Amino acid sequence: MAPVKKLVAKGGKKKKQVLKFTLDCTHPVEDGIMDAANFEQFLQERIKVNGKAGNLGGGVVTIERSKSKITVTSEEPFSKRYLKYLTKKYLKKNNLRDWLRVVANSKESYELRYFQINQDEEEEEDED
């Protein structure tokens, strides 16, 4: 039986995993019910890195805004679900939670959409 050689990776440096999530606030910003700059400021104050809010880990997490899209980039593990949680918290704080919902439109992005209310169903209920 031939001796089995074990392959050992030399210089085992891991690649930095860069996570990039986008929040599309186009509809509410165009309608004027929400301010993207205010939302960006809220995220900067509230995102926790290593258990501390407000410091963004000294550049580990970056938040960028282009018109009505906000991009959150992280070099450390960062949950997309946490971003949804903070977005819902912002909507609740600004009394927008009744009109807007957070929907995942791709693997790395969320979109703020209005609730679809069928007016036909409401009219039928009123007639009864």
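Using the three backbone atoms N, Cα and C, a Cβ is placed for every residue, glycine included.
Taken from Swiss-Prot, the feature phosphothreonine applies to Thr62, supported by similarity to another entry. Positions annotated as phosphoserine by Swiss-Prot, on the basis of similarity to another entry: Ser66. What Swiss-Prot records for Lys69 is N6-succinyllysine.
Swiss-Prot feature annotations superimposed on the structure.
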| residue | record | CB count, 10 Å |
| --- | --- | --- |
| Thr62 | phosphothreonine | 14 |
| Ser66 | phosphoserine | 9 |
| Lys69 | N6-succinyllysine | 16 |
